[in-house]
Amino acid sequence: MHRVDIDHERDAMEQPPSPAAEQTQLERRKGTLASKFMLVNISSNLLLAYQSLGVVYGDLSTSPLYVYRSIFVGKLQNYQTSEAIFGAFSLIFWTITLIPLLKYVFVVLSADDNGEGGTFALYSLLCRHAKFSLLPNQQAADEELSAYKYGSSGQSTSCLPLKRFLEKHKKSRTILLIVVLLGACMVIGDGVLTPAMSVISSMSGIQAATEHLSHGGVLILSCIILVGLFALQHSGTHRVGFLFAPIVTIWLISIFLSGLYNTIFWNPKIVSALSPYYIVKFFKETGKDGWVSLGGVLLSIAGSEAMFADLGHFTATSMRIAFPFFVYPCLVVQYMGQAAFLSKNIDSIPNSFYNSVPDSVYWPVFVIATLSAIVGSQAVITATFSIVKQCNALGCFPRVKIVHTSKHIKGQIYVPEINWILMILTLAVAVGFQDTTLIGNAYGLACMTVMFITTFLMALVIIFVWQKSVALAIPFLLLFGLIEGIYLSSAFIKIPQGGWVSLVLSFAFLTIMFVWHYGTRKKYNFDLHNKVPLKWLLGLGPSLGIVRVPGIGLIYSELATGIPSIFSHFVTNLPAFHTVMVFVCVKSVPVPFVPPEERFLIGRICPRPYRMYRCIVRYGYKDIQRDNGNFEDLLIQSIAEFIQMEAVEPQLSSSESPSFDGRMAVISTRSVQSGSTLLVSEEDFGISNSIQSSKSLTLQSLRSAGDDENPQMRRRRVRFRLPENPGMDPAVRDELSDLIDAKEAGVAYIMGHSYVKARRSASFMKKLVIDIGYSFLRKNCRGPAVALNIPHISLIEVGMIYYV
């Protein structure tokens, strides 16, 4: 009996489960995986929300230090009553609710560009969905990038007339670019004004607690902190970044508790001021003077743009967790507490924040306030570096040195020239004004201008990118444009009282950007209209009428198609040329990042015996062009992969037009590294290929001495060889063999040393811009060879004058 039962149980265990049981088990597994994924996603967003406190909200969270003082100075000194304070708090509450919470958190954060934010992200989205870009170097292949097709791919018929109008009229596209650049310039202005405003405001607590310390002493201490802040920028924010979030978190909790205490202890009736009725009452009492005071109210939302500008470091979900559930309540309660305190202590308005802090926690709060001011300043300075990098990538800022300070965190960069310019300007503002009210007038004008521009661009994104009706974009533009326009008009009233600083700084940087962009565009158009005819090259034959010596010549040009006019100067002035020639174009595309597997576009120029190729290296506007030392090797492997691909896919080598140009193929660098057409071997070698192949012992000794001084710069030498493949096409094998031999002979980098001048018939203004402005910027910025990480010892330059 027992054996029979055991056999039955064994048979039951061996029987396969029924389909219903399998479906149930599968659903349970899916539910378990989904719950685990949801938990991981939630925990990840919570962690990012915590980290965003230190990076994004440092500036916004320190605004309680100076808002009430800025509101009640000037003409509102005659209205320092409890009713006016109730109205001021009501204005602050609804301003924070409508703009940072409603506009940014619920609307603007949805308009990201592959996770990136800021005015340039909006402009990039618009340029990809309509032909708004002024530089005509875009190609159809760029539209195949995985990051390019972002947002709705449909086309709304309601926006077609507006789209055609903007694309047809060049002036409208120029105005759009100027608006975007103005927003960028105002952000750079924030980088000057925020450190001075925040640090001086936080340091004023010493003067409030210590009577014998003069205002000059506070200014000296503030300048010392500012110099130290800018001097430490080269180390990168990642080294002290782990301190930022705890500091701002402690600061927000401190001001929340302080505000709650003041509300309960001094005047709980302040809660009633949450009603907009008190706003109406405030303006009835103050009239025009109340409208002028809005320039102080808008300081309560200064720094809100950081939520969108720094979106690339975090996620929209983490922002939507951090602000509504933590930052927003802390700020509202703090402003409420200050208002409750001031309603019973009118005389404390000039130093409202520190006077409202209980004496028992005064000095700890002062220390945290100072640290938070430094954190907020750090975030704005980093954002300024990022804006300059994006402007540079889009051809709107002179070439500057960009140092990537973190190997793990994207976007953390350091720009030495901009850093020291910001420091000098910040110290000049601090010493020149010595008053946070005057600095606040300039600061508020800059912040509100950026917000107004974001609203304008956002309305265009709703129409062209989201493909929504114009009837939906107009209410958004009217609502937030009207609110921000009122605040902006109030800020403009204070131009004589310090607001002019923002305009001067913005105009100076805008002039630099526009002059550089104008000169770059004119130079590009000259190359575009004076390309070397391919018939001329084909008529010269494969030798090009000159001696072809072993080696590879990398000819750098800004043209993505055709052969630049400077190549004819090379052929005319150089007695010999390399057997393999590669026209290299390094260009930026209107996406934040280009994946490495989509970076290289390889094509052929002229028939196969000419051994002439084209390589387009594409970067996004937030990509960092690092010198990893393997560009030559990746290029050779990519060309070899293209040659092999061309033999396998005949459509690459056949074309309806006999131009022998324009047929490009995307070569993935990852696939090249994993499975290359060529066999690769490496060996430690301090001398680069181009110098090792040289017969000059002097050049070898110079390079060897440089490697001895910089052992960390020693590179591994890569050798290529053909695999044993009997089935390989003989023509392909010969071409690959020529490529390897040329690589072993050495690589030379060839560039044009260009001089851009206005034509004699040009107008006076054009001569002023090109001959003086653009020429000055070109002479005082980094050279193109340095910006492209081209080794100076392997560089050949040929001069050419551009008459534009």
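First residue shown is number 1, and so on along the chain.
Glycine is no exception: its Cβ is also placed from the backbone N, Cα and C atoms.
Over in TrEMBL, the protein carries these features:
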- 1-13: compositional bias 'Basic and acidic residues' (COMPBIAS)
- 37-57: transmembrane segment (TRANSMEM)
- 48-537: domain 'K+ potassium transporter integral membrane' (DOMAIN)
- 84-106: transmembrane segment (TRANSMEM)
- 174-193: transmembrane segment (TRANSMEM)
- 213-233: transmembrane segment (TRANSMEM)
- 240-261: transmembrane segment (TRANSMEM)
- 290-309: transmembrane segment (TRANSMEM)
- 361-388: transmembrane segment (TRANSMEM)
- 409-431: transmembrane segment (TRANSMEM)
- 443-465: transmembrane segment (TRANSMEM)
- 472-493: transmembrane segment (TRANSMEM)
- 499-516: transmembrane segment (TRANSMEM)
- 536-556: transmembrane segment (TRANSMEM)
- 550-802: domain 'K+ potassium transporter C-terminal' (DOMAIN)
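For the transmembrane segment (240-261), the neighbouring stretch richest in Cβ pairs under 8 Å, chosen from 84-106, 361-388, 443-465, 472-493, 536-556, is 361-388.
Mean pLDDT for the domain 'K+ potassium transporter C-terminal' (550-802) in the predicted structure: 76. Residues 70, 99, 103, 107-108, 111, 119, 122-123, 125-126, 129-130, 151-152, 156, 159, 162-163, 179-180, 182-183, 186-187, 189-190, 193-194, 197, 295-296, 298-299, 301-305, 308, 472-474, 476-477, 480-481, 484-485, 487-488, 491-492, 494-495, 499, 502-503, 506 of the same chain sit 6 or more residues outside the transmembrane segment (443-465) yet have a Cβ under 8 Å from a Cβ within it. For the transmembrane segment (174-193), the partner stretch with the highest count of Cβ pairs under 8 angstroms, out of 213-233, 290-309, 361-388, 499-516, is 499-516. Using the rule of three or more Cβ pairs under 8 Å, pairs at least 6 apart in sequence, the transmembrane segment (213-233) is not in contact with the transmembrane segment (499-516).
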